[in-house]
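A.B. asks: Mind looking over this structure? Questions follow.
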């Protein structure tokens, strides 16, 4: 009887792609999307940290961009696994296969933190609209750090079950030149091949309960809060548009009144006083309006790209056993998972499209960096010229001394 360890597996069995669709998405579309997402989030962090006054919304958006960077980096190994060059590599498989579920767990952790950060941004904007004095209060750095650490800890507790939810069997073939792994859910009654599930009952209960808690506190509640808060923000933006239109009417009337005064004519009654009364207030409201529009765009984009994955996670948590063996269900999971990747990568585009202030600050930063490079280049050139001039002057002085001799 041939030893199983000496059997060499064909390349079709060594491929790590779950389907042709998954392979196509993660080899063709993921690399450029990931590069764009990483660069975009880095630029977003640079612009957001460049503000003189760091509001709570800016702090949350900065942390959100950092979480998105972590998520994209954690998905990179899964993308590499879909390339044949890495899938057939023993070294890559040796490190990737045992750590695959842990990478997924950390990605889910960063995603859980991100969704609550978006809830925090949206809630902060709604509070700022309802209570205008709230925006004047300077956020306490200590309280923010403690709050963020608590958020990290709670999300880690809710997503830790991913580290132990599957048991991975790893075996070598072809005289230890090929390595294979299969990861099985600890909550399955019977594993493939009629093998007994030897997972402890306490572990199975822990995974079942925490998976349920994760679906409630990381998916359902944040999603409902996001929908409700975003609707409030959209209502606020609509109301603020009406106020801004009235402001522009007063502004145009104020300009007409000032021109009439310059010509020596009588100004429009009450216009100057009314315009002065509203100008400062409306300028402040215009700033708040721009921030609210940006937050609405970010939250809407986040909800559209994350909600399908959240629904799938809830279905898997409550009715997972009836869907695990369906190929169509795996295709749906692949599509919604890739939609999450897209959502993590387009926040920079959302910022640029929804905020003229963000675009202006980004251009100023890029121009300032170009100016710094130009100054360094000019300094290096001037230094070279100075050295050349000093050499020429020394040579000329030597010639003059020889001529005098």
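Every residue gets a Cβ built from N, Cα and C, even glycine.
Pulled these from TrEMBL:
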DOMAIN    40-351  domain 'G-protein coupled receptors family 1 profile'
TRANSMEM  29-50  transmembrane segment
TRANSMEM  57-81  transmembrane segment
TRANSMEM  101-123  transmembrane segment
TRANSMEM  144-161  transmembrane segment
TRANSMEM  212-237  transmembrane segment
TRANSMEM  291-319  transmembrane segment
TRANSMEM  331-358  transmembrane segment
A.B. asks: Where does the mean pLDDT land for the domain 'G-protein coupled receptors family 1 profile' (40-351)?
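C.D. replies: Here the predicted model's pLDDT, averaged over the domain 'G-protein coupled receptors family 1 profile' (40-351), is 80.
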A.B. asks: Out of 101-123, 144-161, 212-237, 291-319, 331-358, which stretch touches the transmembrane segment (29-50) the most, going by CB pairs under 8 Å?
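C.D. replies: Looking at each of 101-123, 144-161, 212-237, 291-319, 331-358 in turn, the most contacts to the transmembrane segment (29-50) are made by 331-358.
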A.B. asks: Against the transmembrane segment (291-319), which of these stretches has the most C-beta pairs under 8 Å: 101-123, 144-161, 212-237, 331-358?
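C.D. replies: The stretch I would name here is 331-358.
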A.B. asks: Under 8 angstroms, Cβ to Cβ: which one of 144-161, 212-237, 331-358 has the largest number of such pairs with the transmembrane segment (101-123)?
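C.D. replies: Most contacts with the transmembrane segment (101-123): 212-237.
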A.B. asks: Do any residues of this chain, six or more beyond the ends of the transmembrane segment (144-161), have a C-beta under 8 angstroms from a C-beta of it, and if so which?
C.D. replies: 56, 59, 63, 105, 108-109, 112-113, 116-117, 206-207, 210-211, 213-214, 217-218
